[in-house]
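Trainee: Grabbed the feature section from TrEMBL, which reads as follows:
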- B:60-553: domain 'Cytochrome oxidase subunit I profile' (DOMAIN)
- B:572-594: region 'Disordered' (REGION)
- B:6-24: transmembrane segment (TRANSMEM)
- B:71-95: transmembrane segment (TRANSMEM)
- B:152-172: transmembrane segment (TRANSMEM)
- B:203-227: transmembrane segment (TRANSMEM)
- B:239-269: transmembrane segment (TRANSMEM)
- B:300-316: transmembrane segment (TRANSMEM)
- B:328-349: transmembrane segment (TRANSMEM)
- B:361-381: transmembrane segment (TRANSMEM)
- B:393-415: transmembrane segment (TRANSMEM)
- B:435-456: transmembrane segment (TRANSMEM)
- B:468-490: transmembrane segment (TRANSMEM)
- B:517-537: transmembrane segment (TRANSMEM)
Amino acid sequence: MIEEPGLSDQYPTASPWPLFVALGLALSEIGVFVGLFPVAVFGLILFGGSIAGILTESGYVERPWPTLLGVGVVLIVIAAGFTLWQVPVADIALSNVGTGPLFTRLVAVAAAGAVMIAMGGVASVMEQTAA
Amino acid sequence: MVAGDIVLTGLMAVLLVGVAALLTRVENWRSYTPLAGGGAVTGDETTVINREKPAGIIRWLTTVDHKDIGLLYGLYAIIALAVGGIMAMLIRIQLVTPAGAILGNNAYNSILTSHGITMLFLFGTPIIAAFANYFIPLLIGADDMAFPRINAIAFWLLPPAALLIWAGFFLAPVTDNMIEPARTAWTMYTPLSVEQANPGVDLMLLGLHLSGVAATMGAINFIATIFTERNEEVNWANLDIFSWTILTQSALILFAFPLLGSAIVMLLLDRNLATTFFAVEGGGPLLWQHLFWFFGHPEVYILVLPPMGLVSLILPKFSGRKLFGFKFVVYSTLAIGVLSFGVWAHHMFSTGMDPRLRASFMAVSLAIAIPSAVKTFNWITTMWNGRLRLTTPMLFCIGFVSNFIIGGVTGVFLASIPVDLILHDTYYVVGHFHYIVMGAIGFAAFAGIYYWFPVFTGRMYQRTLGKAHFWFSMVGTNITFFAMLALGYLGMPRRYATYQFDGAIAPLTQVSTFHQAATVGAVILFIGQLFFVWNIVQSWLEGPKVEDGDPWNLERDGMLDREFQWFDEQLEADSPEKDPSLLADGGQEEQDDS
Ligand code: HEM
Ligand SMILES: [Cu+2]
């Protein structure tokens, strides 16, 4: 599998990740605060993915997938925590997505978390089995 | 609504797939895994490195080199300066006649708001970061910043921040004015900023939040760099003055910006999720003012300390003398840093706060003038009996000192409660802070750009154009902002789109005369900046190459700092047949042994 060396292998002063970490953070903030569901979900995925990428590239972790999974878990915990704290139990229902302003946003955060957990999990397994 | 969501989902999906595709094209992330070579930054199987950086636009999008990032910050700040400057010209043209010449009230308020925020957050902070990024590592003998990637992340947060802050201007025409530019003024006082339903305000707040995140990341990076990356020869006793001011500024940012960020989030929640942080039944509207100014006053020192450092660094070079009382300049920097957190309520003297509290804020505000004056006396004493060379950077330094004195003294007047109760919310305040933000901070930025122009371009600017730039700026600044001080004494309130008040508030004839004078000054100032842009662009492209590592002849006074020594090494290492445009990169380390 050793093909072309990547950009950051070739050039010590280049890394493709920072741009996307920043873009991911910007999109996440817009999505969550303005309440644009798709922007929030994709922004958070981009953010989490870039964090996994940049940590791997700079050698803080060995493989990106557990990080991605971890970011997903953190997001779900945050969303669940806020929901239990601020949303009345009776209102926690899938049919309420799109009506309660806070609840919808929290579902977006949780959805992004779930996608990241799935991606991280599947990729980890695939990597293990491929090796 | 549903259709909109589907479109957005599609757009976002395309974006994400595009990002992933791009990443796979430029980056081989499999090489990170232990399977393919160690997971370190450079796998050892990599082919011979013959250049430090990828070519073309990819280089600029992926760079983590502090010098490149410094240049990016610089470009960004200059663009913001141009945008903010054009907004300022619109404001000045509007006010030539009492009825307002070109703008409606809403347009005026939008432009006024954006002008302030653009200049402070998109020009002021980034231009300082530009100098700090490029030169702090060189001055302290570090290879790069402590966290190069975080450095790049901090920069890349800024373009989205600018787009968000200006979003209302782009979106108003396409959304049928559903989303308009914010009209909150840069202080975003509640209840006004909660009640404006316009989503453009949310976007602006998010942009500000991002710029705050960026500033905080940068500050952490500078603190870590200055503490841990100095080379053995640099210790606390001989650390240069610019690094000292950046260190202090970074500490201020670390305490002030997260607070602004939190206050902005609270405001966003009040606006969108019906919380009551700033509502009468909650924390009350004055809470915003306290939080904002607890950030806001340190912010003005965040903006002025590094320019003071630049002047303290550059002015001695052209005076032929070492900075007078270096130690005291450092102490006064630290003193200002501490005191700046104890004066915020001088922006709130007229809000009906407790008079005893008010008096203590007045005392600290008067006290903070002392370290500022210490610096001023030190600059003057440095020049005293010196061998002055009136180069362009030196002219801008002298202009800085002169404008800072006027700005500072008017500040001391405002810090006195009885005077402030009369002058608050008049043009006097506008004149005061513009003497500092334009007359001092702007001038120091120009001084830095001219002084280091040879280092970051490898070329020399055109001296005559530089001097024209200085004199137009100096004359323009003083006409414009002195007229504003006079307008304030006449009682002209700030933030008015028109002033047809027929003597009821202020004498109309004099007021319009001074407004016209201010506009004439602004035009002169504007012309000066045209010289600047022309000079920089043309000299960068075809100015004469600098062949000497000491273009300012500093060796003879023993004042050649480390960044020029570095520059000299670059010149030596750079063999003549090399592509000259690579010079600015400094990316020639591997050639050193040749
Ligand atoms: C010598 C020290 C200074 C003192 C004692 C001082 C004092 C004051 C006071 C009392 C006010 C409030 C006036 C009012 O609204 O009624 C004020 C406003 C202001 N000052 Fe200063 N100042 C000083 C230095 C500076 C510096 C160095 C800067 C900028 C870098 C600055 C920027 C501002 C700004 C931006 C405002 C207006 C804020 C607004 O209402 O929009 N000041 N100053
Ligand atoms: Cu203040």
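Including glycine, each Cβ sits where the backbone N, Cα and C put it.
TrEMBL annotations: computationally assigned, not manually curated.
I would like each feature placed in context: is it buried or exposed, what are its neighbours, and how far apart are things?
Mentor: With a threshold of 8 Å between CB atoms, the same-chain residues lying at least 6 positions outside the transmembrane segment (B:71-95) that come near it are 60, 63, 101-103, 108, 111-112, 114-115, 118-119, 122-123, 126-127, 129-130, 133-134, 155, 158-159, 162, 166, 445, 449, 456, 480, 497, 499, 515, 518-519, 522-523, 526, 529, 533, 584.
Beyond the transmembrane segment (B:152-172), the same-chain residues lying 6 or more positions past its ends with a Cβ under 8 Å from any Cβ of the stretch are 63-64, 69, 72-73, 76, 80, 83, 110, 114, 117-118, 121-122, 126, 129, 178-182, 198, 200, 203-204, 206-208, 210-211, 213-215, 217-218, 221.
If one looks beyond the transmembrane segment (B:239-269) by at least 6 residues along the same chain, the residues whose Cβ comes under 8 Å of a Cβ in the stretch are 128, 131-132, 135-136, 139-140, 188, 190, 193-194, 202, 205-206, 208-209, 212-213, 215-216, 218-220, 222-223, 226, 230, 275, 277-278, 288, 291-292, 294-295, 298-299, 301-302, 305-306, 308-310, 312-313, 323, 326, 329-330, 333-334, 336-337, 340-341, 561.
For the transmembrane segment (B:328-349), the list of distant contacts is 241, 244-245, 248-249, 251-252, 255, 286, 289-290, 293-294, 296-298, 300-301, 305, 308-309, 312, 357-358, 361-362, 364-365, 367-368, 370-372, 374-375, 378, 414-415, 417, 420-421, 424: same-chain residues at least six beyond its ends, Cβ to Cβ under 8 Å.
Through the fold, the transmembrane segment (B:393-415) approaches residues 307, 311, 314-315, 318-319, 343, 346, 362, 365-366, 369, 372-373, 376, 379-380, 383, 423-424, 428-429, 431-436, 438-440, 443-444, 446-448, 450-451, 467, 470, 473-474, 477-478, 482, 485 of its own chain, all at least 6 residues removed from its boundaries and within a Cβ separation under 8 Å.
Tertiary proximity for the transmembrane segment (B:435-456) is limited to same-chain residues at least six positions away from its ends with a CB under 8 Å from its CB atoms, namely 67, 70-71, 74, 77, 119-120, 124, 127-128, 131, 134-135, 300, 303-304, 306-308, 310-311, 314, 317, 391-394, 396-397, 399-400, 402-404, 406-408, 410-411, 466, 469-470, 473, 477-478, 481, 525, 532, 536, 539, 546, 551-552, 563-564, 567, 584.
Away from its own ends, the transmembrane segment (B:468-490) comes close to residues 92, 392, 395-396, 399, 403, 406, 410, 423, 426-432, 434-435, 438-439, 442-443, 446, 506-507, 510-511, 514-515, 517-529, 531-532, 535 of its chain (Cβ-Cβ under 8 Å, at least six residues beyond either end).
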Trainee: Against which stretches of its own chain does the transmembrane segment (B:361-381) lie, if we need a Cβ under 8 Å and a gap of at least six residues from its ends?
Mentor: 308, 311-312, 315, 323-325, 328-329, 331-333, 335-336, 339-340, 342-346, 349, 397, 401, 404-405, 408, 411-412, 415-417
